[in-house]
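Quick notes on the structure that follows.
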Amino acid sequence: MPSAIEAIYIILIAGELTIGIWGNGFIVLVNCIDWLKRRDVSLIDIILISLAISRICLLXVISLDGFFMLLFPTTYGNSVLVSIVBIVWTFANNSSLWFTSCLSIFYLLKIANISHPFFFWLKLKINKVILAILLGSFLISLVISVXMNDDMWYHLFKVSHEENITWEFKVSKIPGTFKQLTLNLGAMVPFILCLISFSLLLFSLVRHTKQIQLXATGFRDPSTEAHMRAIKAVIIFLLLLIVYYPVFLVMTSSALIPQGKLVLMIGDIVTITFPSSHSFILIMGNSKLREAFLKMLRFVKRFLRRRKPFVP
């Protein structure tokens, strides 16, 4: 019988999982249907599909890890399953962060106007550049996740069962923990790329605004609006990542912290919020996805209205 804290944990994780799978699944479904209709796919659609799929995998593996931890506390920590979950988690987490950095770079190259030969060359080769980054992101994530497969969880912690379930941590956990922390620090690179993209977008916006003021036009042009939308999207991602990444690192080192099980439970709830909530920000920030989402809401509203029982 789960305790009150465990019951709250299960309810929150199940709710966030449902919302996250629905939001990211919606992104994949709408873009794939559009792909089949037009028999062509745009670069932004490829990025969003890749990002949404990685987020679905991340949501699922975080949830599975939490449920296994509660349901099989005495065997899960020493099983092969925990190694598989950890590898998939590492791959999905890193690929999600890298694909998001690809989205930020796409916004930068598509919208910003920077008078530098190298930047101009990148804009001309935007399709090849972004596809190369996407492929590189996939390979980097794969290499990092494979490097985790050395039975490190066996050295990370040992679960013992007493009268009440307790988590008994050993000194041998330290090498595995530090290795995982070191590998996961590599996920700071996508964050830095997003920060650079934000800085350059802001620089481009300031310069563009000055040009408008010199031309004495008293209204926002499409370029200014595009700059603002891109900057807002990158800022939101950076804010979410600032919350997500430290919590993820704490979870990675939870074996070194007292009450490690409680830390993992709180960490799961916080980390699953990032891929769940960001999907709806992406939907509302993309005209095609936003239109499809609003159309679906109108359909649901009409459907519920028709099913409403008649009251004389």
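The backbone N, Cα and C atoms fix where each Cβ goes, and this holds for glycine too.
These numbers come from a predicted model, not from an experiment.
Checked against Swiss-Prot, the domain name for ALA4 differs from that for GLY285, so they face opposite sides of the membrane. Cross-referencing ASN93, ASN164 with Swiss-Prot, the residue annotated as N-linked glycosylation site turns out to be ASN164. Taking DSSP states H, G and I as helix and E and B as strand, the topological domain 'Cytoplasmic' (33-52) has 16 helix, 0 strand, 4 coil. When each of 10-32, 87-109, 129-146, 262-284 is scored by its Cβ pairs under 8 Å to the transmembrane segment (53-72), the top-ranked stretch turns out to be 10-32. When pLDDT is averaged over the topological domain 'Cytoplasmic' (110-128), the result is 85.
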